[in-house]
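Enquirer: My structure is below; once you've seen it, I'll send some questions.
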Amino acid sequence: MERALFLLLLLLSSQLADSNAEEAFDVRKHLSTVTRYGFGKPANNYFSPSNVPDGCIPIHLNLVARHGTRSPTKKRIRELDNLEARLKVLTRDAEEQMLSLQKVPSWLRGWKSPWKGKMKGGELISKGEIELYDLGIRIRENFPDVFNEEYHPDVYAIRATQVPRASASAVAFGMGLLSGKGSLGPGRHRAFAVTSESRASDILLRFYDTCENYKDFRKRQEPAVDKLKEPILDEITSALVSRYGLNFTRQDTSSLWFLCKQQASLLDITDEACSLFSPSEVSLLEWADDLEVFILKGYGNSLNYQMGVPLLEEVLQSMEQAIKAQEENLAHGSYEKARLRFAHAETVVPFTCLLGLFHDGSGFQQIQREQPLELPPKPPQERNWKGSIVAPFGGNNMLVLYSCPANSSSKYLVQVLHNEVPIPMPGCDGSDICPFKVFKERIVAPHLKTDYHTVCRVKLTKAKQNPSIISRLAMLFRRLLLGNDDKWSRKDDL
C-alpha cells in the first residue's frame, strides 16, 4: 500500500513538473530574429559583469542597433493571404471527406489574415516605436556623463539607413534620448538631425547591399540553406497531420510557423498558430531559423562579417578621436560624445561576429583566421547562437569608452554591452571590460587586414577552388539528423 502511494505521488509530481515546464515556456522568447526586444536579453547565467573601476567615467558611446518591431513585408503579406485561402481548402476538403473536425482548433476555421488588403508592409509599428523611445531614455539615464551636454549633431551624431523603418527607429530613439530637453509640446521635445548615406554607397550600415560578392554568395547558397531546413519541416508536418487530421504540406507548416511568429511578436497572440506546435517543435523551428541567420549572415562564412570591417574601423576611429579630445583637454561641446546608428539585422549580426560574441566553444581563433564555424548544436543541446538574442527587433551593441585616473593600470577602458547587458568578450579573456589597447590589438586589428573593396568587388578565386562552405555544412547537418534526407523553406525577417 505504501509503495503504491509512493508511486502515485511520484507520478503526480512528474506530471506537475511537466505541466510547470509547459507553462514556463513562452514562445515569444523563441522567435529567432522576429523576437521583440523585451524578450531578447542575454541570460548571462554563468557570467558576472565586471565592476567599472573607481574613478573611471564614460566619455564616449558607440551604438549599433537594429530597427524596432515592424510589420510583415509585402511579400510576406501575400504569403499570409495564401495561407488564409489554403486553410479554407484544408477544412473544406476534410468536411467533404466526412472527416471529423473535432481535433481542428476553432480559430483555424474561417481564419482571416489581419494584414489582408494592405498594399505596403515592413513599416515600424507602435511597439517598435516604444522599444526605441524607451531605449533612448534608458541610455541617457544609464550614462549621464556622456549625455550631459546640450544637443548638437556633431556631439551626438544619429545615423540611419535610408530604409524608413530604420530612420523611424532613429527618430523614436532620439525623441526618448532628448525628451524634456527642448521646447516643443507638453513633452518638451526638440528637433534633431538624422543623417543617412545613399543605399548605393552605404558601406557602413548597408555593406551587404553594396558587396557584390556577398550578394552572389547569398543568391547561390539560399537554395542550399532551404534544403538544410527541410528535414525539420517534414518531421513537424507529419506530426501536425497526425495531430489535427488535416492534410498539411511542408509549405503549410512553414507558413503557419511564420504566422505564429507574427502573431506572437506583433499582436501578443500565442494561442492560435503558435499553439499548433509543441514547445519542442518550436525549439526545432527556432533552431532552423537560427541556422539560416548563422550561415547567411553570421559565422557560417567569413565574408558575412568581413564586409562589415569598415563599420568596425569607424567605431575604433571614433574612440581614438574621443581619446585625442580627452588628451588635448578640448572644450566641452567641441567634440563628439556619442555615435548612434540604426540599421538592420544584416548590420547587427556581422558586427556582433566581428566582436567575437555568441559562438560556441573555442571559435574566437577561427574567427580571427576568418574560418567558418560549426553549426550551432541541435536542441535539446544548449547553444549560444540564438537569433532571439543576437538580433531581435531593436537588438543592439553598445561600446562604451571610459577614461580612468592617470594612476590606473589602463587609462582607457572599453565595455561592450549587447541589448544593454554586459557581455563577455573572448578577445578580452572573457571579460566585458577591456583595456582600450587590448581591445584594439586583439579584437579590431586582426580584421583590419581585410579591405572591403577587395573582398566585395573582386571575384574571389578561393570560392571557386574550395568546396562550397554550405556543402560542408550540409554534410554536417545530415549527420546531426542521423541520415535523414534533405528538404526545407525560407524566411526573410530583417
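Glycine is treated like the rest: Cβ placed from N, Cα and C.
Unlike curated entries, TrEMBL annotations are predicted automatically.
According to TrEMBL, the coiled coil annotation covers 73-100. Sequence annotations record features per position, and here TrEMBL assigns disulfide bond to CYS56-CYS404, CYS260-CYS274, CYS428-CYS434. Under the heading signal peptide, TrEMBL lists 1-21.
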Enquirer: Test of understanding: give the count of other CB atoms lying within 10 angstroms of the CB of CYS404 (disulfide bond).
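Expert: There are 19 such Cβ atoms around CYS404 (disulfide bond).
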Enquirer: Of the disulfide-bonded residues CYS260, CYS274, CYS428, CYS434, which one sits closest to CYS404 (disulfide bond) when you measure Cα to Cα?
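Expert: With Cα distances computed to CYS404 (disulfide bond), the winner among CYS260, CYS274, CYS428, CYS434 is CYS434.
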Enquirer: How many whole Å apart are the CA atoms of CYS56 (disulfide bond) and CYS428 (disulfide bond)?
Expert: 18
Enquirer: Using C-alpha atoms only, work out the spacing between CYS428 (disulfide bond) and CYS260 (disulfide bond) and round it to an integer in Å.
Expert: 39
Enquirer: Within 10 angstroms of the C-beta of CYS434 (disulfide bond), what count of other C-beta atoms is obtained when all protein chains are considered?
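Expert: Excluding its own Cβ, CYS434 (disulfide bond) sees 21 Cβ atoms within 10 Å.
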Enquirer: Given a separation of at least six residues and a C-beta threshold under 8 Å, show me what packs close to CYS260 (disulfide bond) in the same chain.
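Expert: Long-range Cβ contacts: VAL27, LEU31, GLU272, ALA273, CYS274, LEU276, PHE277, VAL282.
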Enquirer: Please average pLDDT over the coiled coil (73-100) for the predicted structure.
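Expert: Across the coiled coil (73-100), the average pLDDT comes out at 93.
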Enquirer: Mind giving me a neighbour count for CYS56 (disulfide bond)? Other Cβ atoms within 10 Å of its Cβ, every protein chain shown.
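Expert: A count of 19.
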Enquirer: Using all protein chains in view, find how many other C-beta atoms are within 10 Å of the C-beta of CYS274 (disulfide bond).
Expert: 20
Enquirer: Tally every other Cβ atom lying within 10 Å of the Cβ atom of CYS428 (disulfide bond).
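Expert: Its Cβ shell of radius 10 Å holds 22 other Cβ atoms.
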